[in-house]
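Here TrEMBL flags 11-24 as compositional bias 'Basic and acidic residues'. Among the features that TrEMBL reports, domain 'Amino acid transporter transmembrane' is placed at 117-521. The region 'Disordered' annotation in TrEMBL covers 1-24. Residues or ranges marked as transmembrane segment in TrEMBL: 44-64, 70-94, 146-166, 187-219, 239-258, 270-289, 309-327, 348-368, 388-412, 441-461, 467-487, 499-520.
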């Protein structure tokens, strides 16, 4: 087959709505008028020289001032060589795409074609996993200690990455077999061949998403309360007033119609998580090295029974922090084929996880030990004394956290919205038609009000985290992916993969059962510490 026939075949196989096709480009005024293709090589030289060589060269002596002769010449030469090499490689990539029938005239089109917009999956995954719940990690370490805390954090990170990778493989396998799944419940029912599994996953996902929705609204309300208490210590507003404010904002944001429409919000969420983690870690280091540093005590519970229950509650909290019960729904947002894109998205997400989780856990537990609060900000801003870090640092961290909580609430509401609109919407009419718009506004508003009402009525942030982790995230993220993989790919019983997967299933099923019991037990014990619509969040 000739190269020309190769190109013709690839053109025939590409979808009609391919944004990189020549037919689409003929209708693109920007391509036809602005990026007209008539130049010679020396024209490219003129354009490149104008783009690079400008009055900015007048700042070079200033740059040398900070480097000196030797390092200045070295940096100038190395950067010149690297940029020449980079532009040469870019030219080769553009030529390769053109020979494959995909000529690109814009940087954004080249990036979208080659990288496949996998970063959207990374944004969604990071928002689904990396959130202000990391502020409970020092509290989780309180029930485990340094050694077991690090071990649990590392093992759960490795297991969830492995689980999400297996889930991605199962989704790809089904898609190649002509059965593309965009919902967790459909995937489970298809692979496991059981109607009850469909409803089991719906129940678990609903519990997770509602729990996260309640927790996000509760923590956002608490953030506003912390700011208000510092600005107006004798103010009359209560926690439930701030929860009502957050709920009102969430009602407005809930009207964003699709998961994909959140991709830019979730990019902002990723940056916010890095920002407030840096601020909180800096605040903890400042608190730990200041003259007002709290006394450090890393001892565990004295009773063996209490120590065991605390450990499993902490394990459940860490499971909830690593949990992501909407991976199939996230993979569904990728333009097919999704092969490889989810793995890149996972790598992006777990890079952020490594930076944020370990730094928050270590710095918070190092300073406060077994006195760590379920929200480390409360430890940094105690009610009975001055703040242990600069007010502006804590204030900025709270603003970042508050903004990200809106993104998290939106992401975890998507499954509930999808379930509601499967029944209420008419696909034959437009997404913004009156027939679809009015039910969407009503149903989403009622759902957010429901979450806000329970957040105000039952302010148990740490306990909610533990229960959601044990009952929801452990079966969905630590057990089902391994079972789905073994059922789909059927690895031989003599293989290492088979036994690794079933070992994880058995270990985490046991951990989930014990964690459910211990976290519900703590919730019941803490019920004595609060009254309905309390103005304080119970640890």
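Cβ coordinates are placed from backbone N, Cα and C, and glycine is handled just like the others.
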Criterion met for the transmembrane segment (441-461) and the transmembrane segment (239-258) (at least three Cβ pairs under 8 Å): yes
Can we call the transmembrane segment (467-487) and the transmembrane segment (239-258) in contact, meaning three or more C-beta pairs below 8 angstroms at a sequence separation of 6+? no
Cβ pairs under 8 Å between the transmembrane segment (146-166) and the transmembrane segment (309-327), at least three: yes
Assess whether the transmembrane segment (239-258) lies in contact with the transmembrane segment (270-289), where contact requires at least three Cβ pairs under 8 Å among residues 6 or more apart in sequence. no
